[in-house]
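K.L.:
Shown below is the structure under consideration.
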Amino acid sequence: GGLPCCGEDPSLERHFKGHRDAITSVDFSFKKKQLASGSMDSCLMVWSMKPQMRAYRFVGHKDAVLCVQFSPSGHLVASGSRDKTVRLWSPSFKGEPTVFKAHTATVRSVHFSSDGQSLVTASDDKTVKVWTVHRQKFLFSLSQHINWVRCARFSPDGRLIVSASDDKTVKLWDKTSRECIHSFCEHGGFVNHVDFHPSGNCIAAGGTDSTVKVWDIRMNRLLQHYQVHSSVVNSLSFHPSGNYLVTASNDSTLKILDLLEGRLLYTLHGHQGPATCVAFSRDGEFFASGGSDEQVSDSFLSYNPDSHIISLKGATFCFPLLVVESKNQLNSSFCFVLQTVSILEQRLTLTEDKLKECLENQQKIIQNKTN
């Protein structure tokens with residue numbers, strides 16, 4: 001499993017405009033046909049991945065929508081809001097949503113279990129709650145955090161729950177016993193986002209200390225610690241292969257981390273303000289990011305002639321840096337960044353000609369700099 005094909009880098013595929021304020025959350029439907037976004041403008045939008053297909057705007061929340069997620073089947077989208085409610089919408093038609101008052105304060109996070117039967121929510125009321133999706137029956141509450149809970153996720157097998165809080169801890173819970181199995185306390189600030197590795201054996205979290213940490217939950221030990229951002233880490237998402245992690249930060253960048261090599265692979269400068277959220281599609285071919293930037297109405301890609309040089313498994317390749325140029329400011333925007341499919345394997349099979357061309361270009365750059 002890997003990232004973009006031979007010689008190609010993540011490139012801007014589409015740019016969605018429609019929200020009137022900062023985007024807070026993005027998620028792909030399972031079959032990659034739709035993309036949902038939540039915003040400070042109190043709306044949820046569902047975008048079709050097919051060009052020229054209309055987007056749906058869902059209005060109903062009385063305050064900012066802070067989280068959105070598709071159910072595994074794609075038949076529902078859950079949203080959580082500052083209005084303390086969770087709403088379940090049908091993404092393909094504009095019927096009335098199912099609304100339930102989930103918490104006594106802002107709802108920061110909603111997440112479906114992989115079987116689509118349960119929903120976990122996290123809130124500023126310091127609790128994590130678990131519900132049935134059918135009839136939205138409340139099951140139980142997890143309440144050992146002592147500050148706002150920013151994020152909660154089910155493990156891939158549905159047996160565990162992980163939560164991240166402003167109390168600077170990441171907690172791991174057993175869904176059946178409802179006990180806290182372990183608290184990870186290595187973060188130096190509020191923890192904004194946490195998620196399970198696709199294997200279910202690891203978790204990654206990012207927060208206000210600008211770091212990203214990866215833990216092995218079988219041994220309860222810190223595996224990797226990345227200091228690649230210069231500001232708050234708002235969101236992260238694992239590639240389905242488990243080999244990569246994409247992160248979004250207030251420093252306006254997205255970073256793609258190579259987890260096998262334990263290092264930074266790409267920096268993407270798609271946003272002109274904080275990058276607030278990021279998510280891979282379920283097949284790993286795309287990822288989407290949202291921000292609070294005032295961005296382009298006719299955004300296009302241009303390439304920086306100076307090559308960025310990166311070493312992969314002992315071989316050096318060069319590729320152009322991604323630059324998103326802009327005119328006309330917009331209140332908010334939505335960047336859609338393509339191609340995270342199979343960077344490593346396919347790039348390692350580059351033809352000798354391509355390698356030769358790369359090395360020649362590299363030589364020219366070095367000569368230009370020395371002249």
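Quick reminder: no glycine exception, Cβ is built from N, Cα and C everywhere.
Those TrEMBL annotations? Automatic predictions, nothing curated.
Straight from TrEMBL, here's the annotation block:
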- 16-57: repeat 'WD' (REPEAT)
- 58-90: repeat 'WD' (REPEAT)
- 100-141: repeat 'WD' (REPEAT)
- 142-183: repeat 'WD' (REPEAT)
- 184-225: repeat 'WD' (REPEAT)
- 226-267: repeat 'WD' (REPEAT)
- 268-296: repeat 'WD' (REPEAT)
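Can you walk me through where each of these features ends up in the structure?
P.N.:
Residues 63-70, 72-74, 77, 79, 81, 87, 89, 91-92, 94, 273-274, 276-283, 285-286, 288-292, 297, 330-334, 336 of the same chain lie 6+ residues outside the repeat 'WD' (16-57) yet bring a C-beta within less than 8 angstroms of a C-beta in it.
Listed by sequence, the residues of this chain that lie at least six past the ends of the repeat 'WD' (58-90) yet keep a Cβ under 8 A from its Cβ atoms are 21, 24-31, 33-34, 36-46, 96-112, 114-116, 119, 121, 123, 131, 133, 136.
Under DSSP, the residues of the repeat 'WD' (100-141) split into helix, strand and coil as follows: 3 helix, 23 strand, 16 coil.
Under DSSP, the residues of the repeat 'WD' (142-183) split into helix, strand and coil as follows: 0 helix, 22 strand, 20 coil.
Mapped onto DSSP classes, the repeat 'WD' (184-225) shows 0 helix, 23 strand, 19 coil.
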K.L.:
Within the repeat 'WD' (16-57), count helix residues (DSSP H, G, I), strand residues (E, B) and coil residues, in that order.
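P.N.:
Result for the repeat 'WD' (16-57), in helix, strand, coil order: 0 helix, 21 strand, 21 coil.
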